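**Student:** For reference, the structure I am asking about is given below.
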Amino acid sequence: MAGAARGLLWAALSLCLLPEPLRAAHIKKAEAAAAGGGGGVGGELRYLHAAELGQALRDLVAEAPPGLARLFSIGRSVEGRPLWVLRLTAGLPELPEARQDGEKKKKEEEEEEEEEEGEEGGGGALPGRPQVKLVGNMHGDEPLARPLLLRLAQELVRGWAGGDERLGRLLNTTDLYLLPSLNPDGFERAREGDCGGGGGGGGEGGGEPGGRENSRGRDLNRSFPDQFGSAQPDLEPVPEVRALIAWMRRNKFLLSGNLHGGSVVASYPYDDSPTHRPTGVYSKSADDEVFKYLAKAYASHHPIMRTGKPNCPGEEGETFQDGITNGAQWYDVEGGMQDYNYVWANCFEITLELSCCKYPPTSELQQEWENNRESLLTFIEKVHIGVKGFVRDAITGAGLENATIVVAGIAHNITAGKFGDYHRLLVPGTYNVTAVVMGYAPVTKENIEVKEADATVVDFSLQPTVVAPDPNLTQFTATPAPPSTLTPSVAQVEPPATTSLHQAVQPVDFRHHHFSDMEIFLRRYANEYPSITRLYSVGKSVELRELYVMEISDNPGIHEAGEPEFKYIGNMHGNEVVGRELLLNLIEYLCKNFGTDPEVTDLVQSTRIHIMPSMNPDGYEKSQEGDRGGTVGRNNSNNYDLNRNFPDQFFQVTDPPQPETLAVMSWLKTYPFVLSANLHGGSLVVNYPFDDDEQGIAIYSKSPDDAVFQQLALSYSKENKKMYQGSPCKDLYPTEYFPHGITNGAQWYNVPGGMQDWNYLNTNCFEVTIELGCVKYPKAEELPKYWEQNRRSLLQFIKQVHRGIWGFVLDATDGRGILNATISVADINHPVTTYKDGDYWRLLVQGTYKVTASARGYDPVTKTVEVDSKGGVQVNFTLSRTDAKVEEGKVPVLNTPDTSDPNEKEFETLIKDLSAENGLERLLLASSGKVSPYRYRPYKDLSEFLRGLYLNYPHITNLTSLGQSVEFRQIWSLEISNKPNHSEPEEPKIRFVAGIHGNAPVGTELLLALAEFLCMNYKKNSAVTKLIDRTRIVIVPSLNPDGREIAQERGCTSKLGHANAHGRDLDTDFTSNYSWYSGTREPETKAIIENLILKQDFSLSVALDGGSLLVTYPFDKPAQTVENKETLKHLASVYANNHPLMHLGQPGCPNKSDENIPGGVIRGSEWHSHLGSMKDFSVTFGHCPEITVYTSCCYFPSAGQLPGLWADHRKSLLSMLVEVHKGVHGFVQDKSGKAISKATIVLNEGLRVYTKEGGYFHVLLAPGLHNINAIADGYQQKHMKVLVRHDAPSSVFIVFDMENRIFGLPRELVVTVAGASMSALVLTACIIWCVCSIKSNRHKDGFPTLRQHHDDYEDEIRMMSTGSKKSLLSHEFQDETDTEEETLYSSKH
């Protein structure tokens, strides 16, 4: 009350101090406004048309105290309506020629309406006061913002004048701009009550278009320049957009809200993604945390929005966590305004959907205002978070306009305003902030603490420099320079590069790093720069040193669709150390310069960089500083040369594969690397494939991509002057000369088993080998010289990853990326394949190419592509399915339907996330409790361990015995589920079995570890909990407990315990025809068949065995046709691909070191064929696909190897829990809704499954298009196609019609024939009756009537017959009577 009184007193005093004419005018207008009521300023809320809106805004300005409000127009719409902006802030300076005479008001207002904003517009900026804008009615049929912003302005003006503390503080510290209608033309066409946007009233959405677009039919929120757009938009048809862009360029807006309608949610950048998928892609900006904070600030104060459940008609199931969503994840909007604000204009904008109804009735406006009032005020207040201050010249104290403000770790800079003032929005935390200005030394303020309250004040004082400008450096800024004209051309939309005096920070850590030192160095930078780094290991060396890799990316740990991946590998030969140190220098350089140096920032933002400083850490530790050309430490600890240890195309590598080699091969198969360099020492040259030839002599061995490799090699050597000269080591090799510092590997000397050739031939990666100097292990003091010689080359080579062509291969059916599609270039015999999102990269030199994209089950597409010398060209392909044209309109193609069940959606998202790259790694990292098997458990301990799990986790486990072995040991089965021992047909069921051979107990221990891991993480790890809740998991750890009891540890090849107590190999006892086989079956086999395979309905089975490192799929029986081979092979591949070594296809087992199993997957009969296998029986009679995993070369390795084996297999085991939820699941019912059980589902005209109780079925299928035939007695057969994806389940819902065929014929035909037959029978009966009646009448007359002339005719026939004599006897005398009494002669034949 006291505050209000003081405010009124102040307002009265202010009026008294005004000149008499102005004071009278002010009072008069205030009275008019108060009396007007319906104008939307003082009375009930209502929609105002253009002229009314302009008048209401003018009246409000007149009502406001002096210096508080200003009205101006930023431009005009297509139809010439002004785009009004109301500026509200305290202390506005008077405009030139201030209005002193109230009687001139009307004329001046009319002139004001006709003019548009000049250079100063609504007045100049105020030092240190952040600018906020709220834009409404961008879509003409979404006009709720018009009355809301008008009411907001009214409250602010009257609250400030009335002394309201909050509103006074807001306008005293904030420069607020309100634009009620960006699309006034569309509003005039829209209709009140049109909730759906179609133009009709009452929310029906019918009738003519409802005014969404401007008068030229353009959607303003699809018309802005877009960072992911293929071309610049045409701005000529959208003067509204042109006006807004020009206005934004003249100001330094910091925060903005774009007010829409049609839902209730706060959406934040980015609004689209490089793939432009319609929905489901989280497109993360550099300031993702800030945007989520801002969106929550609005949503949390809105009574509906904060629930996350708008419950809009037709979208009742749509939910948004916390009431916010990433724009692209909701749906893709290319050319949106909020992204333009952030990318091009320094401004943080979010989009606010305020109401389910686009154009709500006037009667609802008051409620909408109450819903949004607090959210609007809170959102405006959030402009004051983060850090703020001034950037000044240290000598003159003048503010430095356009100073760049860089926050370490956030790849988005802002620029200071006209007075050197800046304001950087940040969420609470600790930051390092740098100010950079051309001509001044940059200054960094470290450990700045940002709190939840008002912004932390940080001022910068910069010293001018006298350094000459470097034309190769550009200032990294997100804000373009002000344009020279009001209306920007298309070219002016691009931010122009400006020169900068910023110098990159050079490394200072020049010394030789031994392993411990290197490890600390890597951990230090991973810890100091967590937003752009990730430190991981790809394996261990012989001496168990980690093979570390530092990833540097703006989104570490994530493969961003469309972003290429690059790698550097150093120190492959332990005594060639320059590469090791250069890569550590490069890590330091990239981390320290990210966000401040444009080149580094661009590289990190556009490339996922992986750096392995040392591939041979053991050899390094043996090497000696000063070694010029020696070999000590060159090889690994097993004394093998790692660069002769890779499989070779021309020669058989007989050396056993080394752990370092296997780890790197696995690494290369895991990531979609495009380009690589292997850093060596001993010369100064770049050599490129091939490294050897068929004859093993020094001769040019040309690869299909020879021109590309030469260009790649030159890109490095050109930046190293000494290398480019071509005569590197005159003291050591005086005759050696390499033109331009490059050479073909084999032409120099033959290297069989080299890494660079393996890269090219086995992955999509192009690799060259770089010799960095003549001295292999130079003195530490020489290391800065090597950095100076190579730093430009190292950066330039990374840039080459963007040369050639890149893009996406998409499915025409659903627009999703196609995995493993092939990209072929005519006349270059080297195809590459697509990654998980359908993204690909193909390095090419300048030229014209015919490029073909193809994939199994799709029609190939060929395009002619022009590649220039400047960079990469995006070329996307959309492939149609091979049979789409034949089946179009006849057979429905089904994909996973949208479900309104949020829990179902959440689980589908989980499956997709776990299927993504690093998805399972993230699950494992987030898991609680350390599970690591360390000993083998004999039968007694195994039984006690399983009982312990059952007793400790009774709500999710059930322990039963399937039967007994020969020696009466129990065959235990542990079920893990949220409802154990309770049938839930809709849940897929998976079984893990092990120990069918007792001498291979690794599988048993792995399954016990898996069971413990699942139980320990239930209700602690969200992903594990959801998997258990949605899956029935059965674990049978030991099928042959008798054999296990006699097997011996370290018996790598021993067969002791292989068979059961009767000496029978149980994997030969599952005979094909079980129906007649009974008496001689082993008790273990009988228990497994009767109580596991046939009794329980499983979707997938995984059997663990030993003796190799691979996966087999059915059948083990030779010459057996495999109906669903692709699916079985796919399931096996999923397991192998998630194992670090198995997918390499080189088990490397003793006596089989040359064994090669492509992908680590092979059909059982091709590896070890035999009859009576468990997996053959499971597929044939259990209708369950089963794969057999051979866990290690040694049957019974030492217990010390168990932790490593668990670490290798746990991801693969978990991948099976994810995979069992994919494929196809669905329900079968008739039209009445009755579920149909035991219906037959025939897949691809071969595999059969049967519906369970409730009509449910589930079957695993390989990704691709599959045919489904559904058959049930008494119903018509159904045929359809279903699209199965690699990362999500597909659902089908089959509704049967009654059978319309009888005996295989159409019902109508059968009825017609039956009716005709009945009619014929009736007609025949009638004829017979009539004939009988006539004959009966002749008998009643006495003698029958003779047929006249008939005898003469027959006699003539007889006389003319010239047959045999017997023919004379063949003719009978015929009387005309029918009675038996009159028959005189009867023929006998």
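Here the Cβ of each residue, glycine as well, is placed from N, Cα and C on the backbone.
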**Student:** Of 1137-1159, 1367-1389, which range does Swiss-Prot call region 'Disordered'?
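**Tutor:** The range carrying the region 'Disordered' annotation in Swiss-Prot is 1367-1389.
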**Student:** Can you match one of His49, His260 to the Zn(2+) 1 site that Swiss-Prot gives for His139, Glu142?
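**Tutor:** Answer, per Swiss-Prot (Zn(2+) 1 site with His139, Glu142), from His49, His260: His260.
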**Student:** Let me know which member of His512, His513, His514, His680 Swiss-Prot also records as binding Zn(2+) 2 at the site of His573, Glu576.
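**Tutor:** My reading of Swiss-Prot gives His680 as the candidate in that site.
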**Student:** Would you mind listing the long-range same-chain contacts of the compositional bias 'Basic and acidic residues' (210-221), meaning Cβ under 8 Å and 6+ residues beyond its ends?
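**Tutor:** Same-chain contacts beyond the ends: 77-79, 138-142, 182-183, 185-191, 194, 197-200, 237-238, 240-241, 258, 333, 335-337, 358-359.
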**Student:** Within 10 Å of the Cβ of Asn432 (N-linked glycosylation site), how many other Cβ atoms are there?
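**Tutor:** The answer is 15.
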**Student:** Which of the recorded positions listed here (His139, Glu142, His260, Glu353, Glu771) have a Cα atom within 10 Å of the Cα of Asn820 (N-linked glycosylation site)?
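**Tutor:** Passing the 10 Å Cα cut: none.
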**Student:** For the binding-site residues listed here (His139, His260), tell me which residue's CB has the most neighbouring CB atoms inside 10 Å.
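**Tutor:** The residue with the most neighbouring Cβ atoms within 10 Å is His139.
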**Student:** In this structure, which of the glycosylation sites Asn635, Asn876, Asn1151 has the fewest other Cβ atoms within 10 Å of its Cβ?
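**Tutor:** Comparing Cβ neighbour counts within 10 Å for the glycosylation sites Asn635, Asn876, Asn1151 gives Asn1151.
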**Student:** Quick one: of Asn172, Asn221, Asn413, which of the glycosylation sites has the smallest count of other CB atoms within 10 A?
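**Tutor:** Selected from the glycosylation sites Asn172, Asn221, Asn413 on minimum Cβ neighbours within 10 Å: Asn172.
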**Student:** Note the Cβ centroid of His139, Glu142, His260, the recorded Zn(2+) 1 site, then list each other residue of that chain whose Cβ lies within 8 Å of it, in sequence.
**Tutor:** Asn137, Met138, Gly140, Asp141, Pro143, Arg212, Asn221, Leu259, Gly261, Gly262, Glu353, Lys358
**Student:** Measure from the CA atom of Glu142 (Zn(2+) 1 binding site) to the CA atom of Asn1151 (N-linked glycosylation site) and give the result in Å, rounded to a whole number.
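**Tutor:** Between the Cα atoms of Asn1151 (N-linked glycosylation site) and Glu142 (Zn(2+) 1 binding site), the distance comes to 75 Å.
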**Student:** In whole Å, how far is His260 (Zn(2+) 1 binding site) from Glu771 (active site, proton donor/acceptor) when you measure between their Cα atoms?
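**Tutor:** Here the two Cα atoms are 60 Å apart.
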**Student:** Give the sequence-ordered list of residues that share a chain with Asn958 (N-linked glycosylation site), lie 6 or more positions from it, and have CB atoms under 8 Å from its CB.
**Tutor:** Tyr950, Leu974, Glu975, Ser977, Pro980, Asn981
**Student:** Have a look at the glycosylation sites (Asn820, Asn981) and report the one with the fewest Cβ neighbours inside 10 Å.
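**Tutor:** Counting other Cβ atoms within 10 Å of each of the glycosylation sites Asn820, Asn981, the minimum falls on Asn981.
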**Student:** Any idea what the Cα distance is from Glu353 (active site, proton donor/acceptor) over to His260 (Zn(2+) 1 binding site), rounded to a whole Å?
**Tutor:** 5
**Student:** Near the Cβ of Glu353 (active site, proton donor/acceptor), how many other Cβ atoms are there if near means within 10 Å?
**Tutor:** 25
